[in-house]
Amino acid sequence: MKIKTAVVLLIVCVVIAVVPLMLIKDSEFGGADDAASETISQILEVEEYTPWASPVYEPPGGETESLLFCLQAALGAGVFGFGIGVLKERKKSRKEA
Amino acid sequence: MNVKQKRIIGLLAVFAAVFSVAPAAKAMHIMEGYLPVKYCIAWGILCIPFLAAGFFSLKKTVADHRKAIIILSMCGAYAFVLSALKIPSVTGSSSHPTGTGLGAILFGPSVMSILGILVLLFQAVLLAHGGLTTLGANTFSMAIAGPFISYGIYKLATKCKVNRLVAVFMAASIGNLATYCITSLQLALAYPSQTGGMFESLVKFMGIFAVTQVPIAIIEGIITAMVVSALETYAKPELSEIGFLRGGQKA
């Protein structure tokens, strides 16, 4: 893939992600799973569905949750980036040899 | 996969079919405690043969293609990053990509069952995202159904002589969408509407999950195609070793 194509494709991705933010003004963009739990309550015709089990550990507050989400992304991106780096350097050194 | 391993998977498959179909016939991840107990157990059991197949397939890949381990770990890392990204969508709610298509295309779909369940465990235990009771159902939709559909689409597209990167795009995005269609189906099976039955519930849940997922599936498809293109540039020897450049690896 040419660099130019890659840049264009990346821009397309960013646009797809940003457009909803600008078009839908009053949404908090909560998780789709929260919306599903409302639907479950509707179908069962109850005020609010009470889950029968609760998570073993729940991050205390949004800040800690975003920390853990960041950690997940960082770990993944770190390993992935390291891999690409290794492969790229190896290809370079093979060419020189 | 040797004969003994095949036998174990076969046995597990029979076991799973017997135990999971029974309760089901009566009738972005699912959150902890949001699925009735018998469904949790049924989906969990249904995952077992796939996980066993995945384990053996993973073991074989690691033993036979030592050079490809770096790409394998990158596939796991890819699913890890992508499932942490909550992207806003046109429906006003947000959801995340799954990242399971890449590994399914490169290493076969069963390998992703193991990598996928690791991601789901991390999210269930540390983030209260998904859950341990719904782990079976979520594993089935994200780590089994999604990858298998991605793999099938990829095979089909290459057979129809579609450009490789276009095939990757289609496989990753449709696999992503399929994951959430399965999630909708799982919820609809457990919560059939009192007026319109299971189908009405399915339409409702699809309205939430599948519609939210469409733009996110497109993003995942584009990024996966870019990653495959990068790997083609930098990791040609490994890709041909795992059989990818010949048109894919057997399951």
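Heads up, the Cβ atoms here are built off N, Cα and C, so glycines get one too.
Within the set B:9-32, B:105-128, the record from TrEMBL flags B:105-128 under the feature transmembrane segment. With a cut-off of 8 Å between Cβ atoms, the residues of this chain six or more beyond the transmembrane segment (B:202-231) that come close are 28, 71, 78, 82, 87, 89-91, 93-99, 101-102, 105-106, 164-166, 168-174, 176-177, 180-181, 183-185, 187-188, 193, 238-239. Beyond the transmembrane segment (B:105-128), the same-chain residues lying 6 or more positions past its ends with a Cβ under 8 Å from any Cβ of the stretch are 29, 32, 47, 50-51, 53-55, 57-58, 61, 68, 71-72, 75-76, 79-80, 83, 98-99, 135, 138-139, 142-144, 146-148, 150-151, 154, 168, 171-172, 224, 228, 231, 239, 242, 244, 248-251.
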